[in-house]
């Protein structure tokens, strides 16, 4: 096959609907963690589409440079199509064939790649698709939604759109409704702007109605009911689920989360340990265990007014060590798990291990391709570490400002603005020409809509540092709006 034909083939490949054309970037995930998770779901989560999981696993194998393993996964996907989707075999094969074509293309087996694009073209022609190599069908949109969801928070809105598109065609399809409900639940959970979001409550109820035997979707409904202060109703679902299952780690982990948030830490730990026996490499489970040990530690410290002694002090030290162990395990198993970094760093600080805390915070600050919410949280926690443990007020101010610049609407906003006002005012009492504090107050008052006060502080800062572009820009904006 000539170069021209290779270029032509590439143009056809780009038309296909499959994982290789859905803009799923490997920089946004920990490949080993996602591969591990998919493997666990294939083994233990019987309610999820095995076809979608094998197709996704093939793509992950390709991203790891394991194209032969990717082909084996696609063979597994084909077997599932024949076993479970024989009534729609050709339509359900389109994503798998697209992945085959791309893998063979990357292996320079161009004739094999062309064979699969030909199969796709024949189906599109047979079903009168307006596109030569693309067929609009809800099953493909659903599979796209699952793939996007697996690649993390940056993809949730696109996943939601994919499931919505599928539901337009089949509004009562059980699988489409599960995918949509879980995606909206994830969006509720990731949208941290103060109030509890409950957009997923309706979709979750519908998904449970359409899938009455699905424990996995029920546990999400229980957690959302807990979010909206209907904990008793949520617990009924949890109890019902636990009566029905024995060792489904993906259900146990969320049931444990329910009990952890209810402050029933021993019950949560019991379920987490049970799940961890089955899936010992789960970063989620390790993180949840760390959160339970941390909560128990906080309870003792509160009861002793932050001065535990004797047995209480020994127990606190033991809980800190346990929390560190599990947060560290979570971070090591998923290098993109931002909250595992901040929780581990904070726990090191709690135990007086400041150099270890500093090291983990610096690793967190170097994380790329994470959401703005995660960046916001990292800067906030590092600022607190600098303020209260390192006693470095200027570094704390810098990171509090960075947190607000990344995301100025969140539950942390009031804490951040209060901390900035307190620290900056204190520093100005000692040095009225402290330009960092002046500009920080200007930024905070501008954020709060106090434009005249903001302008006054920026003017003072600009007099000290007249070439600073940030101060000049802020002043111009303020003067034009006053």
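Cβ atoms here come from the backbone N, Cα and C positions, even for glycine.
The feature region 'Interaction with the 5'-triphosphate group of PPP-RNA' is assigned by Swiss-Prot to 254-260. Within the chain, the region 'Interaction with the 5'-triphosphate group of PPP-RNA' (254-260) has long-range Cβ neighbours (under 8 A, six or more residues past its boundaries) at 219-220, 222-223, 226, 234-235, 238, 241-242, 267-269, 271-272, 275, 288, 291-292, 295.
Annotation comment: Swiss-Prot describes 51-84 as repeat 'TPR 1'. Within the model, the repeat 'TPR 1' (51-84) carries an average pLDDT of 98.
Sequence annotations record features per position, and here Swiss-Prot assigns repeat 'TPR 3' to 138-173. Counting residues per DSSP class in helix, strand and coil order gives 30 helix, 0 strand, 6 coil for the repeat 'TPR 3' (138-173).
Annotation comment: Swiss-Prot describes 181-214 as repeat 'TPR 4'. Nonlocal intrachain contacts for the repeat 'TPR 4' (181-214), taken as residues 6+ away from its ends with a CB within less than 8 angstroms of a stretch CB, comprise 47, 145, 149, 153, 156-157, 159-160, 163, 172-174, 220-221, 223-225, 227-228, 371, 373, 409-411, 413.
Feature annotation from Swiss-Prot assigns repeat 'TPR 6' to 338-371.
Sequence-distant contacts of the repeat 'TPR 7' (376-410), counting only residues of its own chain at least 6 positions beyond either end whose CB sits under 8 Å from a CB of the stretch, comprise 192-194, 338-339, 341-342, 345-346, 349, 354, 357-358, 361, 364-365, 367, 416-417, 419-420, 423-424, 426-427, 436-437, 440, 443-444, 447. Swiss-Prot lists 376-410 with the feature repeat 'TPR 7'.
According to DSSP, the repeat 'TPR 8' (435-468) comprises 27 helix, 0 strand, 7 coil. According to Swiss-Prot, the feature repeat 'TPR 8' maps to 435-468.
Sequence-distant neighbours of residue 33 (site 'Interaction with PPP-RNA') (same chain, 6+ residues apart, CB-CB distance under 8 A): 283, 333, 334, 335, 336, 337. Annotation source Swiss-Prot lists site 'Interaction with PPP-RNA' at 33 (among others).
In the three-state DSSP classification, residue 37 (site 'Interaction with PPP-RNA') falls within a helix. For 37 (among others), the entry in Swiss-Prot reads site 'Interaction with PPP-RNA'.
Counting every protein chain shown, 23 other Cβ atoms lie within 10 Å of the Cβ of residue 41 (site 'Interaction with PPP-RNA'). The site 'Interaction with PPP-RNA' annotation in Swiss-Prot covers 41 (among others).
Listed in sequence order, the residues of the same chain lying 6 or more apart from residue 150 (site 'Interaction with PPP-RNA') and placing their CB within less than 8 Å of its CB are 29, 34, 37, 38, 56. Taken from Swiss-Prot, the feature site 'Interaction with PPP-RNA' applies to 150 (among others).
Per Swiss-Prot, the feature site 'Interaction with PPP-RNA' maps to 186 (among others). According to DSSP, residue 186 (site 'Interaction with PPP-RNA') is assigned to a helical segment. For residue 186 (site 'Interaction with PPP-RNA'), the number of other Cβ atoms no farther than 10 Å from its own Cβ, over all displayed protein chains, is 19.
Feature annotation from Swiss-Prot assigns site 'Interaction with PPP-RNA' to 250 (among others). The number of other Cβ atoms within 10 Å of the Cβ belonging to residue 250 (site 'Interaction with PPP-RNA'), over all protein chains shown, comes to 23. When secondary structure is read from DSSP and collapsed to three states, residue 250 (site 'Interaction with PPP-RNA') falls in the helix class.
Classification of residue 288 (site 'Interaction with the 5'-triphosphate group of PPP-RNA') by DSSP places it within a helix. There are 23 other Cβ atoms within 10 Å of the Cβ belonging to residue 288 (site 'Interaction with the 5'-triphosphate group of PPP-RNA'). Residues annotated as site 'Interaction with the 5'-triphosphate group of PPP-RNA' in Swiss-Prot: 288.
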Applying a 10 Å Cβ distance cut-off over all chains shown, what neighbour count does residue 37 (site 'Interaction with PPP-RNA') have?
25
So which residues does the repeat 'TPR 8' (435-468) touch in its own chain, when a touch means Cβ under 8 Å and the partner is 6 or more beyond its ends?
394, 397-398, 400-401, 404, 408, 417, 420-421, 423-425, 427-428, 474-475, 478-479, 481-482
Just to be sure I understand: of 41, 186, 288, which recorded sites have a C-alpha no more than 10 angstroms from the C-alpha of residue 250 (site 'Interaction with PPP-RNA')?
41
Could you give the residue numbers and ranges of same-chain residues that sit at least 6 residues beyond the repeat 'TPR 1' (51-84) on either side and whose C-beta is under 8 angstroms from one of its C-beta atoms?
18-20, 24, 26, 31, 34-35, 38-39, 41-42, 92-93, 95-96, 99-100, 102-103, 106-107, 142-143, 146-147, 150
Separation of alpha carbons, residue 288 (site 'Interaction with the 5'-triphosphate group of PPP-RNA') and residue 186 (site 'Interaction with PPP-RNA') (Å):
17
